[in-house]
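Copied from TrEMBL, the annotated features are:
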TRANSMEM  A:12-35  transmembrane segment
TRANSMEM  A:55-73  transmembrane segment
TRANSMEM  A:82-103  transmembrane segment
TRANSMEM  A:137-156  transmembrane segment
TRANSMEM  A:161-183  transmembrane segment
TRANSMEM  A:195-214  transmembrane segment
Amino acid sequence: MSMHGVLFRIYRPIIIPFAVILVTVDLSITALIVGGNGEIGFSMWLVLAGSAAKYWLLVVGIMLVVMQLRVFVANGRTRREFLAGAGVFGLIASVTFAAIVVLGHGLEGVVLEAVGGRGDGYPVLSVGGMLGEFGQVFPETIAYMISGALVAAGFYRWRPWIGVVVMVGGAIPALVADGLLGIDEFGVMVARLPYPAALALSLAATALAGLAFHRVISGVAIRRTAG
Amino acid sequence: MIELRDLTVRYGSTVAVDGVSLDLPTGKIYGLLGRNGSGKTSLLSALASYRRPARGSVRFDGADAFENPAVMRQTCFVRDTLDVNDSERVRGVLAVAGWLRPAWDHDYAARLVDLFELDPRKRISALSRGQRSALGAVLGLASRAPLTILDETYLGMDAVARSNFYRELLADYLVHPRTIILSTHLIEEVADLFERVIILDHGRLLLHEETDELRGRGITVTGPAAAVEAFAGGHPVLGEQSLGGVRAMTLDWRPEPADIARGEAAGLTFGPVGIQDLFIHLTSPSKRLEAIR
């Protein structure tokens with residue numbers, strides 16, 4: 001079985017309940033707001049799923065280092081093989097989560113219109129808008145994942161005080177992506193930088209952190225870590 | 001052939017393994033012995049590519065081992081702490097091994113799980129120390145890796161479980177020959193399995209010999225004190241005990257049959273020296289100098 005295939009099988013029991021909880025919470029809160037006010041003027045899905053996708057992938061990035069690395073090496077895989085497999089896994093997971101955020105937003109708008117609960121300020125999403133929103137969410141999800149992985153790698157490889165220094169660098173991709181590409185509950189980019197420049201800067205920060213992560217992990221000693 | 005050349009492992013300023021060179025022919029069971037802190041686990045970590053050596057090399061059939069996919073596939077290193085996650089269930093751990101290990105034997109793993117009475121539904125965090133070790137034994141044996149390294153894979157196991165483990169290890173080794181390295185402190189209990197013994201002391205290689213050679217290397221002479229002393233002559237003494245006029249002396253010397261006959265005529269009796277006794281003598285601080293010959 002491929003490395004990313006094994007990772008998906010490992011994470012499947014976590015992803016499914018997480019998705020169920022997310023959808024349930026979103027539907028419940030949205031129903032409460034629409035039931036109380038008669039309509040909702042923003043995208044609850046963007047607030048919940050948009051944040052959940054980023055933070056969940058941040059945690060996955062941490063878990064890949066802290067929990068999965070030694071398991072894969074203990075089962076006869078090299079660190080480089082693990083990095084390649086984790087890279088494919090991370091890319092697919094980031095694309096999927098970003099797509100779910102965007103598609104969920106589109107679906108939410110359709111359902112709200114059908115039940116008459118879509119308020120004036122609600123960010124209605126066109127097909128073209130979906131692509132644009134994906135172009136904002138995807139770089140964020142992958143940036144958060146790389147940030148989580150690099151922060152964890154620093155603490156895994158070095159002493160805590162060096163880990164803290166690495167953590168500062170590791171946080172950069174997430175901060176840059178959030179600052180330059182982040183969208184609010186109305187689907188509007190918070191930063192005023194032109195999208196191509198924001199995207200280029202975000203991807204560059206993520207790529208640099210990815211390279212740093214590769215260097216930190218490619219020869220690291222496999223430690224006995226708790227849990 | 002597994003070749004270690006000038007292998008050095010450091011942790012900061014601490015030298016755990018100091019310039020060890022070893023040739024390990026494959027297809028044998030090795031016993032790796034050493035006192036606490038002698039560098040056994042560090043040596044094994046370098047051997048299994050868990051840690052890059054500070055100096056020196058590990059080569060398998062001429063190929064450098066570190067981060068070599070072909071070598072890593074053939075290596076299974078089971079540490080005493082187990083490289084699994086506490087939140088996993090036993091069946092999950094075995095499933096991952098099955099997905100990643102090319103020679104994993106599902107049926108054998110299931111049989112071992114039954115033998116060690118492990119509950120596949122239990123989480124690792126709920127396993128006792130002995131059950132964790134039993135899981136390590138399952139992972140090590142069912143992986144059928146050409147190089148299987150078991151680092152103190154007996155901790156917490158009761159006598160029945162240990163006996164089952166040794167029996168299974170030997171039985172599976174006979175059917176599926178491979179290189180097995182056992183690191184242990186229960187020397188006498190496992191010594192019969194060893195084909196070769198490696199002893200580390202303070203990070204340095206103290207001894208690497210065929211077990212039979214090692215067993216025959218020493219002899220215990222017992223009898224009247226004067227006769228024992230006369231028999232010992234100038235041979236290295238590994239240890240001695242006295243009770244009244246009777247003295248027992250362990251000698252690092254292999255006497256000829258004529259010597260034995262001469263001793264018996266003088267009222268001496270002879271006995272073999274166990275691997276553990278030799279190990280204790282060889283690694284005792286006061287004996288180390290005379291042991292390194």
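Heads up, the Cβ atoms here are built off N, Cα and C, so glycines get one too.
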Range from A:12-35, A:55-73, A:195-214 with the greatest count of C-beta pairs under 8 A to the transmembrane segment (A:137-156): A:55-73
Listed stretch, out of A:12-35, A:55-73, A:82-103, A:195-214, that has the most CB pairs under 8 angstroms to the transmembrane segment (A:161-183): A:195-214
Distant-in-sequence neighbours of the transmembrane segment (A:12-35), which means Cβ under 8 A and at least six residues beyond its ends: 44-45, 48-49, 52, 56, 100, 104, 108, 112, 115, 117
